[in-house]
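To start, the structure itself, in structure tokens.
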Amino acid sequence: MPKRTDIKKIMVIGSGPIIIGQAAEFDYAGTQACLALKEEGYSVVLVNSNPATIMTDKEIADKVYIEPITIEFVTRILRKERPDAILPTLGGQTGLNMAMELSRAGILDELGVELLGTKLSAIDQAEDRDLFKQLMEDLEQPIPESDIVNSVDEAVAFAAKIGYPVIVRPAFTLGGTGGGMCADEKELREIAENGLKLSPVTQCLIERSIAGFKEIEYEVMRDSADNALVVCNMENFDPVGIHTGDSIVFAPTQTLSDIENQMLRDASLKIIRALKIEGGCNVQLALDPHSFKYYVIEVNPRVSRSSALASKATGYPIAKLAAKIAVGLTLDEMINPVTGTTYAMFEPALDYVVAKIPRFPFDKFEHGERRLGTQMKATGEVMAIGRNIEESLLKACRSLEIGVYHNEMPELTNVSDDALVAKIVKAQDDRLFYLSEAIRRGYSIEELSDLTKIDLFFLDKLLHIFEIETELAAKVGDIAILKEAKHNGFADRKIADIWQMTADAVRKLRLDNKIIPVYKMVDTCAAEFESATPYFYSTYEWENESIKSEKESVIVLGSGPIRIGQGVEFDYATVHSVKAIQNAGYEAIIMNSNPETVSTDFSVSDKLYFEPLTFEDVMNVIELEQPKGVIVQFGGQTAINLAEPLSHAGVTILGTQVADLDRAEDRDLFEQALKDLNIPQPPGQTATNEEEAVASARKIGFPVLVRPSYVLGGRAMEIVESENDLRSYMRTAVKASPDHPVLVDSYLVGSECEVDAISDGKDVLIPGIMEHIERAGVHSGDSMAVYPPQTLSKEVQATIADYTKRLAIGLNCIGMMNIQFVIKDETVYVIEVNPRASRTVPFLSKVTDIPMAQIATKLILGSSLTELGYKDGLYPESQNVHVKAPVFSFTKLAKVDSLLGPEMKSTGEVMGTDSTLEKALYKAFEASYFHLPAFGNVIFTIADDTKEEALALARRFSNIGYSILATEGTAKFFAENNLEAVLVNKLGEDDDNDIPAYVRSGKVQAIINTVGNKRTFDEDGAAIRSSAIEHGVPLFTALDTADAMVRVLESRGFITQAI
């Protein structure tokens, strides 16, 4: 069927900010879809609130709106643009829910807008638990016994009927939000109450637990002519009971017999046909390991995280083809872009194994609840490709960037047997490493399978890895066992550990004996047909399929898995760098390990190597490709950390040199550089042990800011108020040593701002200065940032520009750099310099219209700013005001404290743009799900040192019609200053009148809570904050953010005064 000609303009709804459960995979899907629709000649209008995406670049769609994805703003855009249709199936749960809302509000009918891809009725049937159950019964597809409930009592009654354990699944939520497994009535009451609150339709499904079954996923496609195919099937290493986003996954399935595979394949195709989905769809099934019994768990009627994984695992571009199907094209008339010869109707075949391992944020959240269940907790994931399970699993382990390079964590050798077993039974994020440790201790795989219900086949692979370790230990220097270990994915470093030599020595032994990897192509057809994709993975076999081209090449290192502190912003910069390399006439090669991102789409670069970002893996590619050099500036700390070992091995690092990177990162060298350049910084010292730290702090004076050197995202950074707290920090938070000193700085309470600059060594272009709303002490990634600055004097801005130029030239910076300043009493101090692209690059690029990463890349390759038509100095400001606001995923992470401080906690960002600061702030708050009504109740519970300031805020809230509630000390202070506040209790003093009770009752519109001493973990405060998060009540832990919210409310209200 040819494409439709009755529609001309299509709106694509994006997925908004990155949160746990909805990450970069939707930037990849949305970008593909917009380009595919443009390719077919349609006019595309894109709405998305996340500036850190490639999708929101001007060239991706005909019109790009970076606006909140709320009914208010999407309706405005619909009325203005009048599209013929909306494609909502590529914006994750956000896009789907928005489409449903627009439809229910009658807006689509009123404007005559059609929904493409999947009909509303199908979305309802897949997402509404009741309708889904009905459909499965009609299709005679088995589902676990279940019941839909709208109250906690109904849930308890049903569970009593079928018996525990049961699973709670709220309707229309993302990534299992609010759901969970309940072993008894107490757990059920707690989880069901929370789930009903988080479900937009106050509905949950209570179902019999089938934990322990194999969890299998099928990624299927269907078109309007009812052609349907399976793109990829996947098997979870972890059985049912752990969210698939938190499970290790292998593709294709590994333990199914042909009969089982056909049975589940038929079920999946039957379901997609019954739902009449046009596009991609993901079906999750549970299979009894001891019989042919299976259950359908759920269906996602849209492109999902699994679709991104399936696309990268097979090379089959699901989102691109789904977009074309939505406008009427069929699978048998579209060419598969990977082979360029076969049609899209051809099911992919794999001659390799793909492993995906989730990346969790618990390195940032010491107190977080690490136990895994049906609610997703991972922020990102890595994927690795090998010719066997062992190889792909070990490559994935070393891609995680959690300080391991094998399926082993050395510190687990100190764990007792009892603790080891407990951790294996109650799965946490690091269970793979506990299982491997148990095998090393001699536990049998049968015992472990009984404890975990993980298939013996997978545990046998872990045993095989251990057997190779044992053999390596017995045969030091043996070439045959070296070959065997490399064929099974062992890193040189691991072999070196066992053989008690250096990794360099192992590498030399390998190269001397010609044990080098070959690169195989991902071609969707198991090499059956000629294929044109330049998409490769390494393995230790014979024939090499990656041929070095005649053209000179440049390698760009990506940023690996998405985690807190290193998000999709770095992928954005990577993709732009590649474009500039290609424009400059070089071949652009990307190395990365993240399946969710645009950079690992094989059509972005000239060659893609899907490999771990470690010295060994990168070096292997460099030896094959012999590039002009490597660019490390755009891959965050991941790539920067590789600069030194690569340079040491003789590789050319393009842009800022390693010695200069060191001058910015090494504390003593940096201090010296600032002294030489005559630039002030807060007084500080380095300490290599506890006593030195205490001596430094006494000299500087408390409060001090303490942190380890060489980190990203403010890891283990704290503001410390006293000597006792400092001692406690030195003992618990860091492992200080002469190699890893701790920095002790005077903590200046001032306003903070930052600059991204681009330098060619002579001239320095400063696109703009971003002013932070929260004062120093809140990590820059968690602060709201405003461009152009609203309160900085012209003199301060001129000083910032002057210091930026001095630093860029003084540190010999070629390319990008990011500098953070604090301003106190009109004096500008430099806090830190990062000689690389930072997380603000996409935001600043968009608001100034300067393609920063592309310009930086051209400078790195030898151009000058003058040649490119840019002047030295600060670029003229834009007319509009732009606000970048952070977005957090606390609802997904139990026991993580939402208090803001110097350690970064946000997972994503949104942007608001308008003619005034207040309007831009309003949009930024709306886009980040901080919605405050015009009146209501606000609770203040404030630390002594901020009560004065809080009083002024409370008065302003009161003036616009809010009622003020406060805890005892705060209420007393307010009363002494003539502001009446209703007294509420903190916790448990009076259960009907404490803060959690108010929060549960829905009577509170916001909570403002500040804390004095951050070191003493205050359980009351943490419980108050977590009750606000659980019930979706806006929570402000920085008074500056609350001040911004009051400004918005004031600007939207009218004054009513008696004369």
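Placed from the backbone N, Cα and C atoms, the Cβ positions cover glycine too.
For reference, Swiss-Prot has these:
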- R129, R169, G175, G176, R208, I210, E215, G241, I242, H243, Q284, E298: ATP 1 binding site (BINDING)
- Q284, E298: Mg(2+) 1 binding site (BINDING)
- Q284, E298: Mn(2+) 1 binding site (BINDING)
- E298, N300: Mn(2+) 2 binding site (BINDING)
- E298, N300: Mg(2+) 2 binding site (BINDING)
- R707, S746, L748, E752, G777, V778, H779, S780, Q820, E832: ATP 2 binding site (BINDING)
- Q820, E832: Mn(2+) 3 binding site (BINDING)
- Q820, E832: Mg(2+) 3 binding site (BINDING)
- E832, N834: Mn(2+) 4 binding site (BINDING)
- E832, N834: Mg(2+) 4 binding site (BINDING)
- 671-861: domain 'ATP-grasp 2' (DOMAIN)
- 930-1059: domain 'MGS-like' (DOMAIN)
- 1-401: region 'Carboxyphosphate synthetic domain' (REGION)
- 547-929: region 'Carbamoyl phosphate synthetic domain' (REGION)
Task: Take the C-alpha atoms of I242 (ATP 1 binding site) and E832 (Mn(2+) 3 binding site) and report the distance between them in angstrom, rounded.
output: 41
- request: Ten-angstrom check, please: count other Cβ atoms within 10 Å of the Cβ of R707 (ATP 2 binding site), all chains counted.
  value: 22
- request: Determine, to the nearest whole angstrom, how far the Cα atom of R707 (ATP 2 binding site) is from the Cα atom of R129 (ATP 1 binding site).
  value: 48
- line: Spacing of the two Cα atoms, E832 (Mn(2+) 3 binding site) and Q820 (ATP 2 binding site), in whole angstrom, works out to 5
Alpha-carbon distance [E298 (Mg(2+) 1 binding site); Q284 (ATP 1 binding site)] in Å: 5
Task: Do me a favour and check the Cα-Cα span between N834 (Mn(2+) 4 binding site) and R208 (ATP 1 binding site); whole Å is fine.
output: 52
- prompt: How big is the Cα-to-Cα gap, in Å, between E215 (ATP 1 binding site) and E298 (Mg(2+) 1 binding site)?
  reply: 11
- prompt: How do the residues of the domain 'MGS-like' (930-1059) split into helix, strand and coil according to DSSP?
  reply: 58 helix, 21 strand, 51 coil
Task: Find the shortest Cα-Cα separation between E298 (Mg(2+) 1 binding site) and the binding-site residues L748, H779, Q820, and name the residue that gives it.
output: H779
- prompt: Helix, strand or coil at E832 (Mn(2+) 3 binding site), per DSSP?
  reply: strand
Neighbouring C-beta atoms (10 Å sphere around the C-beta of R129 (ATP 1 binding site)): 24
Spatial separation of L748 (ATP 2 binding site) from N300 (Mn(2+) 2 binding site) - C-alpha basis, Å: 50
Message: Rounded to a whole angstrom, what is the C-alpha distance between L748 (ATP 2 binding site) and R208 (ATP 1 binding site)?
response: 56
Query: Looking only at Cβ atoms, how many others are within 10 Å of the one on R208 (ATP 1 binding site)?
result: 19
Message: Can you give me the same-chain residues 6 or more apart in sequence from G777 (ATP 2 binding site) with a CB-CB distance under 8 Å?
response: L705, I719, Y747, V749, G901, P902
Query: Per DSSP, R129 (ATP 1 binding site) is which: helix, strand or coil?
result: helix
Statement: As a whole number of Å, the Cα atom of R129 (ATP 1 binding site) is distant from the Cα atom of Q820 (ATP 2 binding site) by 49
Cα separation, R208 (ATP 1 binding site) to H779 (ATP 2 binding site) (Å, whole number): 44
Query: Hey, does DSSP put E215 (ATP 1 binding site) in a helix, a strand, or just coil?
result: strand
